[in-house]
Amino acid sequence: MTTVRDVREQAGSTPITMLTAYDATTAAVANEAGIDVVLVGDSMGNTDLGYDSTLKVTVDDVASRTAAVARGADDALVVADMPFLSFGVDETASIENCGRMVKEADADAVKLESGEHTVELTERLVQLGIPVMAHLGLTPQRMKETGYARQGTTRDEGHRILDLARKHEEAGAFCLVLEHVPSNLAEQVTEALTIPTIGIGAGPHCDGQVLVVDDVVGLSTYSPPFSKQYGDLREQMLEAVSAYREDVESGAFPAEEHGHVADELDDLY
Ligand code: KIV
Ligand code: NA
């Protein structure tokens, strides 16, 4: 069983491996492959739920998927990604929503897309026993404002991200995701913090890496340029499903061995 303490202590040693999963089967595969952290990302909006952003993902969506992932992943740390406006508006509601992920859905931690508005909340959640993974750089819940552009490209923005990273470490976050920022910024943030950084589109200097599983296994119709595809599952699924359809239409499936006969049912009329 991986704990947030294990992950925190991995800073600067073996790279931390994190992958998204949204169901028990995929979580079990990630777990068997030795992935350290399974993130139930709100990227499920783009992948499994078929939206064109993460904004419509609900607390119920993430809670139900987190419970499934927790049933599938025995060893990996399970992190529930808090959806748009489920935190940071009202403290009580934020704590209840985050608490649900741990109490009901068996998450080991929550991830919050971070900013000035999550510093105190992070501290409060950690005090209450809910571990927090912070997330800076590109935060897709702010896409109406930022689009999906690279973040932290100016000195001002770089200082802002470094400052927020320090504030979240001080507030008690056990880990920080850095998304789509220049690698030399990610490198300096990684050096400045004692908690581990996990990068996506943030270069090789972070303490770990995260990717969206659909991009890794080749299920996505669109993947960002910073991801890497290791499999071709969409093509394989298409072949399998098409072959099944053709077999049914041609009568090749089901064959004798796919069914059974009860002798006493002969001559019913
Ligand atoms: O939702 C997600 O998959 C994420 C990762 C890309 C960090 O937030
Ligand atoms: Na996310």
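Each Cβ is built from the backbone N, Cα and C atoms, and glycine gets one as well.
Here's what TrEMBL has on this protein:
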type: BINDING; residues: D42, D81, E113; note: Mg(2+) binding site
type: BINDING; residues: D42, S43, D81, K111; note: 3-methyl-2-oxobutanoate binding site
type: ACT_SITE; residues: E179; note: active site, proton acceptor
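Feature map: TrEMBL annotations on the structure.
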residue	record	contacts (Cβ under 8 Å, 6+ apart)
D42	Mg(2+) binding site	T54, V57, V62, D81, M82, P83, F84, P140, Q141
S43	3-methyl-2-oxobutanoate binding site	T20, T54, D81, P140, V212
K111	3-methyl-2-oxobutanoate binding site	L39, V79, A80, D81, M82, V132, M133, A134, H135, V177
E113	Mg(2+) binding site	M82, H135, T139, P140, Q141, R142
E179	active site, proton acceptor	H135, L136, G137, L138, T139, P140, Q151, G199, I200, G201, A202
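Residues D42, S43, D81, K111 make up the record's 3-methyl-2-oxobutanoate site, and a Cβ search at 8 Å around their centroid adds T20, L39, V40, G41, M44, T54, V57, V62, A80, M82, P83, E113 from the same chain. Checking the recorded positions D42, D81, E179 against ligand 2 with a 6 Å cutoff on the Cβ atom leaves D42, D81, in sequence order. Considering only the residues assigned to 3-methyl-2-oxobutanoate binding, D42, S43, D81, K111, the longest pairwise Cα distance works out to 12 Å.
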